[in-house]
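As annotated by TrEMBL, Mn(2+) binding site applies to A:HIS136, A:ASP161, A:HIS163, A:ASP165, A:ASP253, A:ASP255.
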There are 6 protein chains.
Amino acid sequence: MLNLPIEYPSFYWSQTKTAIDLKVKDWIDQRIPTDEDALLKRQWDIVVMGAPLSRSSISASGASEFPEHFRKAWKGFSTYNIDTDQDLRDLRVLDFGDIEMHVTDINKCHSNIKMSMEGICKEYPNSIPFTIGGDHSITAMLVSGLKAAVPSREIGILQFDTHLDLRDLKDQGPSNGTPIRNLIENGIVKGSNVYNIGLHGFFNGPSLINYAKEQKVNYITLRQARTNGIIETVSKAIQELESKVDYIYLTIDMDVLDIAYAPGVPASTTGGMRTDELFDAVITAGRSSKIRAVDIVCLDPNRDSSALPTVKAGVHTFLSFLSGFLNKG
Amino acid sequence: MLNLPIEYPSFYWSQTKTAIDLKVKDWIDQRIPTDEDALLKRQWDIVVMGAPLSRSSISASGASEFPEHFRKAWKGFSTYNIDTDQDLRDLRVLDFGDIEMHVTDINKCHSNIKMSMEGICKEYPNSIPFTIGGDHSITAMLVSGLKAAVPSREIGILQFDTHLDLRDLKDQGPSNGTPIRNLIENGIVKGSNVYNIGLHGFFNGPSLINYAKEQKVNYITLRQARTNGIIETVSKAIQELESKVDYIYLTIDMDVLDIAYAPGVPASTTGGMRTDELFDAVITAGRSSKIRAVDIVCLDPNRDSSALPTVKAGVHTFLSFLSGFLNKG
Amino acid sequence: MLNLPIEYPSFYWSQTKTAIDLKVKDWIDQRIPTDEDALLKRQWDIVVMGAPLSRSSISASGASEFPEHFRKAWKGFSTYNIDTDQDLRDLRVLDFGDIEMHVTDINKCHSNIKMSMEGICKEYPNSIPFTIGGDHSITAMLVSGLKAAVPSREIGILQFDTHLDLRDLKDQGPSNGTPIRNLIENGIVKGSNVYNIGLHGFFNGPSLINYAKEQKVNYITLRQARTNGIIETVSKAIQELESKVDYIYLTIDMDVLDIAYAPGVPASTTGGMRTDELFDAVITAGRSSKIRAVDIVCLDPNRDSSALPTVKAGVHTFLSFLSGFLNKG
Amino acid sequence: MLNLPIEYPSFYWSQTKTAIDLKVKDWIDQRIPTDEDALLKRQWDIVVMGAPLSRSSISASGASEFPEHFRKAWKGFSTYNIDTDQDLRDLRVLDFGDIEMHVTDINKCHSNIKMSMEGICKEYPNSIPFTIGGDHSITAMLVSGLKAAVPSREIGILQFDTHLDLRDLKDQGPSNGTPIRNLIENGIVKGSNVYNIGLHGFFNGPSLINYAKEQKVNYITLRQARTNGIIETVSKAIQELESKVDYIYLTIDMDVLDIAYAPGVPASTTGGMRTDELFDAVITAGRSSKIRAVDIVCLDPNRDSSALPTVKAGVHTFLSFLSGFLNKG
Amino acid sequence: MLNLPIEYPSFYWSQTKTAIDLKVKDWIDQRIPTDEDALLKRQWDIVVMGAPLSRSSISASGASEFPEHFRKAWKGFSTYNIDTDQDLRDLRVLDFGDIEMHVTDINKCHSNIKMSMEGICKEYPNSIPFTIGGDHSITAMLVSGLKAAVPSREIGILQFDTHLDLRDLKDQGPSNGTPIRNLIENGIVKGSNVYNIGLHGFFNGPSLINYAKEQKVNYITLRQARTNGIIETVSKAIQELESKVDYIYLTIDMDVLDIAYAPGVPASTTGGMRTDELFDAVITAGRSSKIRAVDIVCLDPNRDSSALPTVKAGVHTFLSFLSGFLNKG
Amino acid sequence: MLNLPIEYPSFYWSQTKTAIDLKVKDWIDQRIPTDEDALLKRQWDIVVMGAPLSRSSISASGASEFPEHFRKAWKGFSTYNIDTDQDLRDLRVLDFGDIEMHVTDINKCHSNIKMSMEGICKEYPNSIPFTIGGDHSITAMLVSGLKAAVPSREIGILQFDTHLDLRDLKDQGPSNGTPIRNLIENGIVKGSNVYNIGLHGFFNGPSLINYAKEQKVNYITLRQARTNGIIETVSKAIQELESKVDYIYLTIDMDVLDIAYAPGVPASTTGGMRTDELFDAVITAGRSSKIRAVDIVCLDPNRDSSALPTVKAGVHTFLSFLSGFLNKG
Ligand SMILES: [Ca+2]
Ligand SMILES: [Ca+2]
Ligand SMILES: [Ca+2]
Ligand SMILES: [Ca+2]
Ligand SMILES: [Ca+2]
Ligand SMILES: [Ca+2]
Ligand SMILES: [Ca+2]
Ligand SMILES: [Ca+2]
Ligand SMILES: [Ca+2]
Ligand SMILES: [Ca+2]
Ligand SMILES: [Ca+2]
Ligand SMILES: [Ca+2]
């Protein structure tokens, strides 16, 4: 069972689970050879996988190093959220490890990602797979894997991004510029079931806009979202999605953030979202009972500044989702 | 014709103009020896000049390196603006190159700047010269050059800055602390036709305040602007200027921005403007039909952090102006 | 008289006091051997002390270097505040120097801090001691010193912080995680007279919350403060404190700021306060006539980025307090 | 003719060729559409190509950005070499541009590299192609391209590297860990005709050593080279190669340098070569009349420190080769 | 058994021990709760302990973070040493974890260090304890612990350092400026049995020189060592020590390195040792059969530059010792 | 008396002169208003002046900030030199302060420098003026000032530099590229009395070589100096100068150092001198009884990396000269 191309986590935290005050590192269970069978049989709310692939990025990217930095950063976070007066320890979270990657065969990487997602979704139908990228090319594979597990279900996408990710696959293949188009062209997701929030400025070309309009992709610029309220905008998108699809896939491209808050992405931009806005957006999304899977992508720790604002924002985004999820109706 | 002290751009982009999705680097024409005559005869909406001078700065500055970094950064920006659903390619923009500078003779630098501005204004009476500094001392020369080209017209100034730039020229000559006073004392611009928006905190001394009050310079602190709305504040200043002058000169000192958004200025300060506020301010200004010339100054790429937030903010400010300009009534 | 364990300031600025435009470095008096007696006899509004101790921090910290960086940064600030159109030179401020520290005996450091505070409070009953940390462990000593000077008075605390600082002293002694608990357990301050503003996210554990609730510590998260308005929240806390205590001690942990604004703290977090919010909060506090003493802590210049945003924010916070103080009813 | 998958250089320098003192940027000719035919017909000593590929690297790498940084850095170097009292302007050098790369199809990238090299070698049989990587995977393709152009000739390799690059292709495909093995397994180069100089420390595994011994690859550690003299060691290797092969291919992996001199490589190591040693080695190699082609690889400008020591070392290495070449017997 | 104040390692590597090519992370055994008893019974050549203490440093130091960075960096090193054609996997090495530290009680930290060392020495009389600091204050405790375990044996010290570490304990207690004096004054080690190699420049005061001369401490400046040869100098010191003592304790203060090679130490200096010199020195020392214990101290990862030259030099120093040790007569 | 355009030092160290172990900051006397007359009458071995001018640099430079950083860095150095077993406190050194500079009038800056040097030389005929630049343009003024003080004496120059500094003044005026030519053309120094040591690589153009040869300037490349020995090369130059001139002026351009050792210069180069070589060279020069004045130039602290290797190298160079001087025959 569970013969998936997934390696054990790159390292294990020494955990002390008995303290009143718990760090995230002491709370999340990690798949470990000696204890594997018992672990795999448990009921999990969330299954975390790393997808350390970024050689599929248009510009040079070290997003493949984020899963390891993500785990390292757990020690800076408590499980208790003072904003909501809740403790995440009530959730059961498993770190399953990292999907196996090949150095030069990007197709192999992509099929491993799809296969892993399909396997996890089948094995843990009541858990949310939360994938830590890697670049945005992985989302096409993850959603395809989900679809393969639940072929009869309609899937919608809620995307926070500075980009539409609708580039033509003929130009450069399944790169981090194409995942949404990839899914539309392959009939996995309808354009009208994609909601992109956070676009701004001079970072998308007309061909993408044309395609978005043709396919009825819903996109709301950051400016519009701020005018209507970030939380209200996300709530409305969720509501519309809930009325149209069975499952919502949430994909968070960390480059949606402003360069002042998140220098550690391959093509950081000025004029983007603030972290408090993103956290609000993600908490709101986490409350939807139709959210079926999540990913965080395009966070390159090699480009982060020395205080690691982007890596920390990545972990905080993950925990914000869990906070919303814990509050689910 | 056009025997001006301006050198060709330091480098040329290899351009591919046929793509649907166009980068700024593929769109802006650059003055080039082989094609010069034809180029110079065209009608241009915007003529860009570099003014690589910063040895006139009070504190050590590498703002002289901004024109080159400005051009390099074009490749990170599309011509299409998703916020306004407009494409800047409808504008005709020429990169004329950099004004010639002398290593040790600051007066010579200044007279080259004035002479270049006068020449461009006369040759291209329907184009907007957009100068890329360099430090703020260049503004006195640029406005003087404009005045020399249109001596009978009244010129007003809209300035975004953390400083009043009203220091006494007797103390340190025509440095980056004196341009506005320089223009007032030389009768080029009336104090009452200067509008400075963005002042804050502990970065101006009482002598400057006294002079500003004497000369009826209009200054609105960032705090006041936020209370009334940035866009509203700029609109009101523009309206007042439009009723009093023939031409508005827009000067943008990038040190108006907060240090979190723009570390790459010689004396970055805490408590300044956010980039989204500056972009709104500049778009608003760009819509005025009386804007006659623009500059961006005091951006020192050597001090920028490695993700280049300040350089990117500088280019985005330029493109924001063009977006407003494209919308001009 | 004044035989306190305080060393002269680490260096003296060459001052030119006659200029119209005064820098902070030219304004603040510094205790100096040749002039000491005359200086010490004057009436001071504010007495500044450095407390260069950070070996008492939970995580590695260079906050001990802040007093020196604080003084160095004075040359970047004018005494004139354009937001309030006031000049701080109307206040009399003395830089008393740095409290003596021991390399390996943290108790000795702490008793020197307490003794210095008590001495200054007795000698200058009408002055506000403003201590430049150092880490937050010093606050327990500073408030204890104040209490020793005015034993019959009730003292309350207004704290801006990302943390509750209520860790159990049994676990790690008088570290920077424990100062408020230290004061409560020693009967110096009642829990109900502590107001903590700025908490957010995943940076406090349940044991601290439990203790806070038991002791009726008042805490207002950043999210709540933003909902109600930062200024309104601080005003309300001040009002409540004024009705309950004789003296308010203001303690500002710079880690309350967001990592984008203040990377230079030992455990910088995403999701924190903006500098404009902190400055508003501090100005508001400065207006209370019951403020008796202030400190700024946990600013580690070694971790700051090269433009020194955090060090500058620290000085601006100090000056913001003085601006509020100058406006005191 | 010359229908090769090579794009024009990413940008062109504005050149002033008449000065007595010439910068490298003013000297090297760049392929440019308007002037292409005349240029391509000339006799060139050196033809420079960029190979901006690094998604084939084992660890995350931005070596794809080196060709652009390489060209930018030309403006910091004179053509005159004071050590040898020679002027490189006596050589004819063409910047042909960058080999076209695909975002997700690494095989396509590799075949473009091979095809470009074969084409250049055939078209310019008397010129030395000098390729600017990119990661070390390109060397397998470049040598294969050379072999395809001169199939009857025996080719040897002189390699400066911290690594043997003999990993098994079965494990990870044609990555930057495999180029030499790739060439040996494909019969392009005999193991005994490979000379690797610069190995040191703990950066190669036993499987590589075993393979090297089996295949009679010649490897000389840095320690051995220092004992015998760097110049002497390189001279001896060259001499042996000259007696065995028709052509020598020189490949310079910049990670051979010590981390103090070259932090800007994906896996910088302590204990490596100094730059003065590398320059001596390269000058010595440049003097051999059997050198037929050269590459510089694995220099990642994104990881360089802000003074750009590694990028500058890369350009200096290139110029050092030309200095040796100019002195060729 | 083994009830020592030592915590499990902060994290565990996922190990794959079957590969031909082994990384250090896959080779070193780590003490782990589930497997503890079996592990503790084995014969170990080397027992590694972290001593994460740096609050005892004169200047602010994050050397306490080195043990964790040390472990993280294992993945960049192979077990095979190409210089000596040896494989370290033939040695049995146990990572025992980190000695427990107290946040504010430095004496408690110090006694834990001493107790841990004594325990390990008694339990593993045939193993070499290799301690990863932490600052240099720990050496006094480690040598005292060793002495407590073997009270009748004469211990000598071989020290690589920029400093004499002979400051008076009366001035600042058992800080990182005092360990050697501490040991001499407590009769643990005779001054004449201390050999310090690497002193240079302006970083020691006359009082230390006087004390060194009084106590007959042997010190050889870097300049003298270079004149006589680094290896020869170390060999001679080792020989003299071997003739006088039973056991040699080797202590390596990483600040002996030049700032160009090791920026990541609290008080990095210009004019220091190169890494190749230090590695030679340490290999030479490792060959002595009288070496009984080793430490590496004063490496502050927070101050390292982004390529981590100092952290990598620290690990390489550790492996260099093991290489020498493997060659022991 | 001594009415020179020199300001007091920018700040004063709090000094404790009674300790056995003395820091440089506690030793060097600083000119201070209250104590000025007594100070100025004393006999000084060395008079230190800052010349904070770098707007005369070809490329953007913050070398004007070095005098302040130079003073700040004194606290990291002892007066005792362990290499020579000497204590610099036996020398009498005065920090006279900084020469007054003008923001926009470079000629005024230059004449202030010349006038200050002439005044100091006349007033202190037995002291060595040691000037802390600033950029290399100041050397022309300093030597001219010396010549004005001793018009009948022949002056020679010993220069450590990567550049010849023989650019034509007609091209760019008295910049940092011209000082030596300036002196030759003005008849202050004969070309044959100039010795430049340290040139290397591709950083000087043929026009400079031609001029050097015409004027019989002596230049020895770094490569030649290493072949003959750095100390031997400097000794020989000194000997030749001593036989030809009355006074030797030593000028040290910090860009002579390799970029690995000194990233903090405006145009740092690969292939330069190591710090140990420079210190040896400077100590050797310091021993000559004909050395009459010294400067250190072109050190830009704004470009230094965070551990400040270049600033520290600058101070160490200063102290190395004093060590040589103390040993003078
Ligand atoms: Ca995306
Ligand atoms: Ca994106
Ligand atoms: Ca300005
Ligand atoms: Ca300004
Ligand atoms: Ca706190
Ligand atoms: Ca805190
Ligand atoms: Ca290689
Ligand atoms: Ca390599
Ligand atoms: Ca030490
Ligand atoms: Ca030391
Ligand atoms: Ca020079
Ligand atoms: Ca130079």
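For all residues, glycine too, the Cβ spot is worked out from N, Cα and C.
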## Note on the structure
Within the same chain, the residues at least 6 apart in sequence whose Cβ is under 8 angstroms from that of A:ASP255 (Mn(2+) binding site) are A:ASP161, A:THR162, A:HIS163, A:ALA262, A:VAL265, A:PRO266, A:ALA267, A:SER268, A:THR269, A:GLY272, A:CYS298
### Message
Within its own chain, what residues at least 6 apart in sequence put their Cβ under 8 Å from the Cβ of A:ASP253 (Mn(2+) binding site), listed in sequence order?
### Response
A:HIS136, A:GLN159, A:PHE160, A:ASP161, A:THR162, A:HIS163, A:ASP165, A:VAL297, A:CYS298
### Cβ-Cβ neighbours of A:HIS163 (Mn(2+) binding site) (radius 10 Å)
25
### Query
Which residue, of the binding-site residues A:ASP161, A:ASP165, has its CB surrounded by the fewest other CB atoms within 10 A?
A:ASP161
### Query
Can you list the residues of the same chain, besides A:HIS136, A:ASP161, A:HIS163, A:ASP165, A:ASP253, A:ASP255, whose Cβ falls within 8 Å of the Mn(2+) site's Cβ centroid?
A:GLN159, A:THR162, A:LEU164, A:ASN176, A:VAL256, A:VAL297, A:CYS298
## Note on the structure
A correct count of other C-beta atoms within 10 Å of the C-beta of A:HIS136 (Mn(2+) binding site) gives 31
### Task
Using DSSP with the three-state reduction, classify A:ASP161 (Mn(2+) binding site) as helix, strand or coil.
coil
### Where A:ASP255 (Mn(2+) binding site) falls in three-state DSSP terms
helix
### Task
Determine the binding-site residues, out of A:HIS136, A:HIS163, A:ASP165, A:ASP253, A:ASP255, lying near ligand 5 in the sense that the CB is under 6 Å from one of its atoms, and give them in sequence order.
none
### Query
What does DSSP say about A:HIS136 (Mn(2+) binding site): helix, strand or coil?
coil
